[in-house]
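Heads up, the thing below is written out as structure tokens.
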Amino acid sequence: MRSTKPQITDEPIIAPLFYILAATSFLCVLLISLRETQVLSTNFKFLIWNLFLAWLPLVVSMAALLWARWTKGSLRGVGLLISGVAWILLFPNAPYLTTDLIHLILIHGYRGFDPEGLLLWYDLVLFFLFMWCGLLLGYLSMHHYHKLVIQHFSVPTGWLFVFISSYLSGFGVYLGRVVRLNSWDILSPLLLLEEVVEAIHKPAVIFSILFGTLIVIVYVSLYVISGGFRTKRVTRPIASELTNL
């Protein structure tokens, strides 16, 4: 009986969504550049840096897929474990882009809103594209590791990984937006541990649950849309049927 687990070789390293994300990222940078030539009072170039950081977990997950195909045994396991730790540290950078919407709220120029003016509508589309790109980058990178976990363990373990990663990422977004920590703060582990312990309180828990739930809903929705729950029917080749006659 054939295994129903997805094979690592079945998962494309460069999926069609990758090209869409690359094109969308280019469009985001272009929109920022066009805005900078027209509006000098507000600088949104930080969005480009945040988008770059959002790409890092996808780069790690693609490297993990390559590693899983090229290696075997304990070498594969050690490599995937190391890349998994790196991924979980970098993954919050993807949904973090959703929190950049706060900058639109803080801009005083929108208090006298003119519905016929284009600036607010332009910025809404701009921020939404960055946010959407971040969520899709997060989805694709998590999808890679989801399949890897299923392949090496089981389907329930894969979904447990998705839920745990999502809510840990929710806390990671809190550490980035509120506590103002960065992924590279791992280079100062003692200071990082102190900041994390101090950040664990009721508002942080609620924030983490909210954003973790957002990540789960986005992931499951896109997983369903992409046909992730479809069961593949295994058909026996005609040649094998003839040999059994």
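Even glycines carry a Cβ here, placed using N, Cα and C.
Positions annotated as transmembrane segment by TrEMBL: 12-34 (among others).
As annotated by TrEMBL, transmembrane segment applies to 46-68 (among others). Residues 8, 11, 13-14, 18, 21, 25, 28-29, 32, 76, 79-80, 83-84, 86-87, 90-91, 93-94, 96-97, 100, 126-127, 130, 133-134, 137-138, 140-142, 144-145, 148, 151, 183 of the same chain sit 6 or more residues outside the transmembrane segment (46-68) yet have a Cβ under 8 Å from a Cβ within it.
Per TrEMBL, the feature transmembrane segment maps to 80-98 (among others).
For 118-141 (among others), the entry in TrEMBL reads transmembrane segment. Same-chain neighbours of the transmembrane segment (118-141): 15, 17-18, 20-21, 24-25, 27-28, 31-32, 35, 39, 44, 47, 50-51, 54-55, 57-58, 60-62, 87, 91, 93-98, 100-101, 103-104, 109-110, 169, 215, 218-219, 222-223, counting only residues six or more beyond its ends whose CB sits under 8 Å from a CB of the stretch.
Same-chain residues lying 6 or more positions outside the transmembrane segment (153-175) and placing a CB less than 8 Å from one of its CB atoms are 5, 88-89, 91-92, 95-96, 98-99, 138, 142, 145-147, 181, 195-196, 199, 204, 207-216, 219. Feature annotation from TrEMBL assigns transmembrane segment to 153-175 (among others).
The transmembrane segment annotation in TrEMBL covers 204-225 (among others).
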